[in-house]
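Before any comments, here is the structure.
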Amino acid sequence: MSDINDPNSISLPVGSSCTSRGASTETFTTSRSTTLFSSQQESKDEGNVELRESITLPTINHRVLLSLKESAKVIGTKGSTIQNVREINHVKIGLSEKQLGCSDRVLSCAGRIINVAHSLGQIVSVLKEGSTVSSAEKYAFHFLNPILPPPTRDEFQDLTLDEINKIGTSRLMVTNSQLSSIIGKGGARIKSLKERHRVKIVASRDFLPDSDERILEIQGLPNAITNVLLQISKILLNELDITFASERRYYPHLRSSSPSNAVSLAASTSGVQTGASNYLNNEFKATLKIPESYVGAIAGRRGNRIANLRKFTKTKIIVEKKIDKTVIDVDPDNRTFIILGDHFKNVKLAESMLLKNLDVEIEKRKSRLAKK
């Protein structure tokens, strides 16, 4: 979010003032040269304005919750649908990785607020293609189930049946602080959004698992949802708060009541075997096998490197002690590193950084051996 100003109020620093200065400067020359200078200056000004607009127009990143079936529809054949949205609207748009056993994925869309709003409105249209009002599915993950009832003819008497069938829903993911900003004092803002754009808006009671985010369900015609998202973006950017950044975001993951139900994490890197990630009592866990010969380099002198990694990722990293020679070691070539954390993304970050450090050490060793 590079700027919190309304795009309509953006000042254009290179404009009439430069042209007037140019005109007054050229008073001492012929009228022909004045005209030439002015046209060149105007052309230069236009280029500067376009450049400044591309830099200063506010940007935003919205996240939408989708089911696996909806995700497949958004991606399209060989990624054609999502690529089309990306190219038409000039946005960065993508989906979170599939997590084993999870029925949901998160769609992220970042760019200029107008482009993001149009993109998500287009996604609503894509999801409604070939479906009807009564074709809603039921999901075990209740956040995917609609909160609002389907639209009826009584509510939209001025619309045809075909138009009513185009009414769709967007599950916008917002943090608790963002939701308060959208609702406004005494619910004034959300009421204005509903009435002005003729949409229904409701927030989920529950927070998404292990996060400070809730679902803001918006129901309406795609164009209406686009306009609502544009207004919501402006509200959030104008009330940008430090608490927005510190609130926990939701990432698809399994929750389990016993260690036997595990979430598979990333595949191995550089020959390192990655174990399962168990979620139990609000704690995520990742287990890595690091080759014994690299443990010292990964841990650092007096454990400083691993200590810095713990601090940076806000995780607990436990290095398994070397087994006594009198005990039979089932895996003498590798040492186990266990990563524990309260947040899934922190554990994933620590895991990826450990693997990256290992890759660096492997390359260093290869270089040294090549020089000998």
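A Cβ is built for glycine as well, from the same backbone N, Cα and C atoms used for every other residue.
What Swiss-Prot says about this protein:
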type: COMPBIAS; residues: 1-23; note: compositional bias 'Polar residues'
type: COMPBIAS; residues: 24-39; note: compositional bias 'Low complexity'
type: DOMAIN; residues: 59-123; note: domain 'KH 1'
type: DOMAIN; residues: 167-232; note: domain 'KH 2'
type: DOMAIN; residues: 283-354; note: domain 'KH 3'
type: REGION; residues: 1-49; note: region 'Disordered'
Helix-strand-coil residue split for the domain 'KH 2' (167-232), DSSP-based: 32 helix, 20 strand, 14 coil
For the domain 'KH 1' (59-123), mean pLDDT (0 to 100): 94
